[in-house]
C-alpha cells in the first residue's frame, strides 16, 4: 500500500511487549511494579533531601538531584504503560501517543547522557582544583550547564522523532517492543530506512559518543591527578567518589550506544528489549543506591531532615 508522510494509514500501534507464557505475566507485573515504586521512592527521596538540606546545596548534589528528576521522568514515560499492557488484554497505543512517548523518552535520555559528562567535569574540578572549586563551579555555571543539556536533548530528540515519524506507516502495526522506541518503530515503516540509519548513527555520535569520550578523557586526567596524591587514604577517597559515577555511566551509555548506533537490519527484538530495560529501568533503579544511599552526606541529611539525628 502506498501512503505518504505524516498522513499514514496506521492510526494506532500494538505493543507486543515481552513474549511470555500467561503464567509468568503476573510475576513480571509484580516485579516491575515493585521496581517502579522503588524508583519513585529512591529518586524522589534524594530530590526532596537535596532541596530541604542546605548542606547538600553543592554542585555535585545539584547534578544528582537533576539526575533523579530525569530518572523519574523517563521511567514514568514508559513503565506505567508497560504495566497497564501487562495487566490487560488491550495493548494498543494511538499513533500520536506513540510519537509523544518517543519524543519525551528521547529528550530525557539525551539530556541525561550529557548530564553525565557535566558531572565528570564537576568531579575533575573538585579533585584537580579543590581550592578553586566553589569559584569555578558557581551556581550560575551549574545552571547554564544543565540548560545546555536540556536544549541539546530537546533539539536532538526532535530530529530523531521527525526523521522516524515522517516515514509512511501503512501497516503492519505491531511493534515488537514494550514502548515506542525509534529502532523498533522504524521496522514497521513501508519505506527505505537507510537514511534513518545514517541519521541515527550521526546523532549517536553527538548524544552518546561525544559525551562518553569527554568522560573518558576527563577520567584519564582525574586518575593521573589521584596518583599524585601522597596519602593512600586520600587516593582511596578520591577514587571512591569517581567509582560510583563510572558505574552509572557504563550501565547507561553502553546499552544505549549498542541500541542506537547499530543498523536496524542487525537488531534482534528480544535483545533490544533487554538493552532498553537496562538503560530505562535498571539504571534508574540503581542510580540512587550507587550515588547517594550509601553516601555519608545523604545519611546525615536524612537524620537532620527527619529530626532522628537530634533524637539519637
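Glycine too: its Cβ is placed from the backbone N, Cα and C atoms.
What TrEMBL lists as domain 'G-protein coupled receptors family 1 profile' is 42-291.
For the transmembrane segment (27-52), the residues of the chain that approach it from at least six positions outside its boundaries are 18, 20, 61-62, 64-65, 68-69, 71-72, 75, 79-80, 82-83, 86-87, 281, 284-285, 287-289, 291-293, 298, 301-302, 305, judged by C-beta separation under 8 angstroms. Residues or ranges marked as transmembrane segment by TrEMBL: 27-52 (among others).
Summarising the annotation, TrEMBL assigns transmembrane segment to 59-79 (among others).
A Cβ distance under 8 Å defines the sequence-distant neighbours of the transmembrane segment (99-119), meaning residues of its chain 6+ beyond its ends; these are 60, 63-64, 66-67, 70-71, 73-74, 77-78, 81, 93, 145-146, 148-150, 152-154, 156-158, 160-161, 164-165, 179-182, 185, 207-208, 210-212, 214-215, 218, 245, 248-249, 252-253, 256, 279-280. Residues or ranges marked as transmembrane segment by TrEMBL: 99-119 (among others).
Positions annotated as transmembrane segment by TrEMBL: 140-163 (among others).
Sequence annotations record features per position, and here TrEMBL assigns transmembrane segment to 201-226 (among others).
Under the heading transmembrane segment, TrEMBL lists 238-261 (among others). Note on the transmembrane segment (238-261): residues 109, 112-113, 116, 119-120, 123, 126-127, 181-183, 200-201, 203-204, 207-209, 211-212, 215, 219, 222, 225-226, 229, 267, 272, 275-276, 278-279, 282-283, 286-287, 290-291 of its chain, located 6 or more positions outside it, place their CB under 8 angstroms from a CB of the stretch.
Residues 32, 35-36, 38-39, 42-43, 45-46, 64, 67-68, 71-72, 74-75, 78-79, 105, 109, 177-179, 181, 244-245, 247-248, 251-253, 255-256, 259 of the same chain, all 6+ positions outside the transmembrane segment (276-294), place their C-beta atoms under 8 angstroms from a C-beta of that stretch. Residues or ranges marked as transmembrane segment by TrEMBL: 276-294 (among others).
Mean pLDDT for the domain 'G-protein coupled receptors family 1 profile' (42-291) in this predicted model: 87.
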